[in-house]
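Visitor: Submitted below is the structure of interest, expressed as structure tokens.
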Amino acid sequence: MTDPPDRRLLLVHAHPDDESINNGATMAKYAAEGALVTLVTCTLGEEGEVIPPGLAHLAPDREDTLGPYRIGELAAAMRELGVTDHRFLGGPGRYRDSGMMGVEQNARPDCFWRAPLDEAAELLMEVIREVRPQVLVTYDPNGGYGHPDHIQAHRVAMRAAELAAADDRPELGRPHTVARIYWNCVQRSAIEAGFARLREAGRDIPFPGIAGADDVPGVVDDSEVAVIIDGGDRHFAAKTAAMRAHASQIAVDGPFFALSNDLGQPLFGAEHYRLADASAPPGGPADDLFAGMVIP
Ligand SMILES: [Zn+2]
């Protein structure tokens, strides 16, 4: 048995594709540097809107086989990012995608939105106690944009970190305190610059429309950004390839992409993080999620 890597990063996401869109460059960078990168995805994304017409038969109102299909897309994305530790919360299919807020799927008893918080958090707690990450990345309390599964992933991640540090349930592993928790965000100045690039490209992009900064989840004032991970060309390329692997959900064109709403968005090689405890970063954003930590 070999020792685990010194630096360990855990990411908690709602659906396959969220990890590549939000954190693809970050995951590729830390994996390439030899850190342990663990991804926990909470649902199979069964309710996602399918973009390619050739895959329309997978949809929940037809064959309802999008979930298993997206397991394959996620596996391909992980290969592009060089990430080998990937799990579904409670195993594949334990929790079903809840659909957008307000749709009838929110009421399905097997959907993630309806999962008892402590039951789901305990499943994640076991992963935390096993992997023992110093850093945890998830969404903000609004899940970035109000999707029930993103909100629930936030709640489960925060509760699991609390449970993992407490002394109870020793049969589920030795207590572990996550040193730092980050929430995904997008720096306002970066998104504005990205949209300026997109408007310049104008007619050269193949999307019917262009999104606005309001369509992007988790935009915050620059002063709130604690860490910026710039993946550089190499990790940007890995992120782009990982997003392409989620072809049922994402259309990628050069440095731009669109989701099922067909609105073009800039694709960023730099990814932004704010601290869950809202502490202001002294001296501006760091360039490392582990900045200032003493790693044995
Ligand atoms: Zn999602």
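Each Cβ is built from the backbone N, Cα and C atoms, and glycine gets one as well.
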Visitor: Starting from the Zn(2+) binding annotation in TrEMBL that includes His15, Asp18, which of His86, His150, His154 is the extra site residue?
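Guide: For Zn(2+), TrEMBL names His15, Asp18; of His86, His150, His154, the listed one is His150.
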Visitor: Cβ within 8 angstroms of the Cβ centroid of His15, Asp18, His150: which residues besides those meet this for the Zn(2+) site?
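Guide: Residues close to the Zn(2+) site, other than His15, Asp18, His150: His13, Ala14, Asp17, Cys42, Thr43, Gly45, Tyr139, Gly143, His147, Asp149, Ala153.
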